[in-house]
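Note sheet for the following structure.
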Amino acid sequence: MEMHASSASSHGEAQTGRGLVDREELVRVIAQSLYSLGYRRAAAALEAESGVPLYPAEHDRLLFDVMSGRWDACVAAIRAVAGLGDRERAAAEFLVWRGHFLELLGIGDAGLPRAREVLWRRIAPLGVDRECVHWLARAMVSCEGAVAPDAVVGWRIGLFLDLVDAFPPWFHVPSGRLELLVENAVVKQVLSCVYHNLPDEVTLFEDHKCPEEQIPSKCSQILCGHNNEVWFVRFSNDGNYLASSSSDCTAIIWKVEEDDTLTKKHCLVGHKNPISFVAWSPNDRMLLTCGNGESVKLWNVATGECSLKFSSSVGHIINSCAWFPNSEKIVCASCEPDNSPKRIFTCDLEGQELESWVGDRIPKVSDIAVTPDSKHLICVCSNEIWIRELPKGREWRIREQQTISSLSLSGDGQSLIVNLNSQEIHLWRISENSTVPDNKFKGHKQGKFVIRSCFGGSNSLFIASGSEDSQVYIWKRHLETPIKVLYGHSLTVNCVSWNPAKPHMLASASDDRTVRIWLAHKGSHRTRLTA
């Protein structure tokens, strides 16, 4: 039987959708959003057709009473509001009587007797902060805060808004509530999306779910510029360059072109020993290279020329270094081959030592970093993470059960990851209160060699790592098991780097003498070999 439209078709049921959302609440939230967007006629039409006003009767009644200065009626309205606790109700009543008190002070001497009565008979018994009561008492002498007669209207509007803020949300729909609900829903979907990697891939027209092709997984190019094992690889901070270093004692700077291909810019020659790592200056104009048992060299990225050679004290070997965010000084860790005291020191770009930490309590550092805000120096030493507040602050240590081989910071400097010889990667917050890792990542192989991992992707939501089984592993930051494994290298993958400006691009360095560039799928393309 065909049914005629009933009142339910125009006014709806009490619940909507799956029964989780109250119909009247939904209508009010939509109306508030329409008003805030400037669609006043549409909002008024919604109120009229639905029979649901944006504001309840109590709201309009209180507004009228406040603007009319009907103070006893205001208090009665407050006491009639459901959902207010005793403390909130007392605070609201205090606002009302304080408003009346300050208006009386604004009248002048004629208002003082009534103001005194309001203070002691209305305000004091509420049990609010005594300091507030004392301030009002002093105002009777100083007239501080008194509301002049010509300012009463604006004052009462402000008073009403203050009262509304003290009431439950049903009394007055918070501004931007619908937009906040939608944004929270989108954020939750994005965070739960395993493969979300491109920030512009969000729409309100459907539930958010990214395909796995958003993760760099297609080898687009193989860089064959080195003649021996490639130990380290790192994109510049602006994502326009890639630096690789090798046991062939050279480092190469590669240019990232607009079409996502890489071309050789400079081959840096001058080290006599294998280059274990490189470090870009934060402004990307300079590059540090560190050879095993050698001094650190500073290179001009534009010209490819060596600008300076950093050396530690006689007999010491610099084994790790990092930049400070201003690109004007670096920090180095050095040690002697024997068990003599270790050193951590800073120096400027002229090679002049600025400060140093020396002594038995200084650990033998295998990796070092400075947070982007310059507030923390972080060192890896054996099975400990040593953190020091800068310039001269507290120190604390995070102890791991296994030997740490490498360290990597998140882009915001709030977190770090360390690779362990136990075939795990641990994620830690940089906080003195951190006692257990925020997460652990498993699946890759690491036992004998230094394997390096990195944060990457949109908002550093992913972790990538090399592995001794010749593969690249990728995890979502909150998941323990890999979401993607990249095959292609034939020997151990020593290091990976995610392009900070192009979240669809990843690089990996391997003992097979190559650097592979991995891209998110953008249609069919062939792998290129580049010498």
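Keep in mind that glycine also has a Cβ here, set from the backbone N, Cα and C atoms.
Across the range of the repeat 'WD' (223-264), the DSSP-based residue counts are 0 helix, 23 strand, 19 coil. Look at TrEMBL and you will find 223-264 (among others) tagged as repeat 'WD'.
According to TrEMBL, the repeat 'WD' annotation covers 268-309 (among others). Beyond its flanks by at least six residues, the repeat 'WD' (268-309) meets 228, 231-232, 234, 236-238, 240-241, 243-253, 317-327, 330, 332, 349-351, 372 of its own chain at Cβ-Cβ distances under 8 Å.
Counting only same-chain residues 6+ beyond the ends of the repeat 'WD' (486-518), those with a CB under 8 A from a CB of the stretch are 197-199, 214, 216-235, 237-240, 242, 244, 246, 254, 256, 260, 262, 411, 449-458, 462, 464-474. Summarising the annotation, TrEMBL assigns repeat 'WD' to 486-518 (among others).
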Just give the helix, strand and coil counts over the repeat 'WD' (268-309), going by DSSP. 0 helix, 23 strand, 19 coil
